Amino acid sequence: SFAGILSDADIDAALAACQAAESFKHKEFFAKVGLSAKTPDVIKKAFYVIDQDKSGFIEEDELKLFLQNFASSARALTDKETETFLKAGDSDGDGKIGIDEFADLVKEA
C-alpha cells in the first residue's frame, strides 16, 4: 500500500478527479496524488507497490488496474487509457514500463 508514502487526502482527491471513463491523465494524477514532488527513492517505492507480480516491470494488465493500488474500489482504466499510459511510459518500446521509465514518467508530471 501507499501508507507512509502518500496522504489519504491526496489519494482521494486524485481518484475523485478521474472517476469518469476516459478522464484519467497520468500527469494530472501523479501531480494530484503528490507523487511527482517526491524523491527518487519514494517514487521507486511506489513502483514496487504497482508492480504486483514483482517482475521488475509494470505490464499492461498492471497498468489497467493502476488505480486499484490506491483504493480497491477504484475503477479499472479503459483500454484506451491503458494504451495511452503505456505509450507515455514505455520509452524503449518493449511493451512494459521499467523502474527508470516509471521515474521519468512521474517526474514529467
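We count from 1, first residue shown onward.
Keep in mind that glycine also has a Cβ here, set from the backbone N, Cα and C atoms.
Applying an 8 A CB threshold to same-chain residues 6+ apart, the list for Ser1 (N-acetylserine) reads Val49, Asn69. Taken from Swiss-Prot, the feature N-acetylserine covers Ser1.
Same-chain residues lying 6+ beyond the ends of the domain 'EF-hand 1' (38-73) with a Cβ under 8 Å from its Cβ atoms: 1-2, 5-6, 11-12, 14-15, 18, 24, 79, 82, 85-86, 89, 95-99, 102-103, 106-107. Among the features that Swiss-Prot reports, domain 'EF-hand 1' is placed at 38-73, with the record citing sequence analysis.
Marked as Ca(2+) 1 binding site by Swiss-Prot: Asp51, Asp53, Ser55, Phe57, Glu59, Glu62. Under the DSSP three-state reduction, Phe57 (Ca(2+) 1 binding site) is assigned to strand. There are 18 other CB atoms within 10 A of the CB of Phe57 (Ca(2+) 1 binding site), with all protein chains counted.
The domain 'EF-hand 2' annotation in Swiss-Prot covers 77-109, and the record cites sequence analysis as its basis. Mean model confidence of the domain 'EF-hand 2' (77-109) amounts to 96 (pLDDT, 0 to 100 scale).
The Cβ of Glu101 (Ca(2+) 2 binding site) lies under 8 Å from the Cβ of Gly89, Asp90, Ser91, Asp92, each of which sits 6+ residues away along the same chain. Swiss-Prot lists Asp90, Asp92, Asp94, Lys96, Glu101 with the feature Ca(2+) 2 binding site.
With a 10 A radius on its CB, Glu62 (Ca(2+) 1 binding site) counts 19 other CB atoms from all the protein chains. For the recorded site, Asp94 (Ca(2+) 2 binding site), the DSSP three-state label reads coil.
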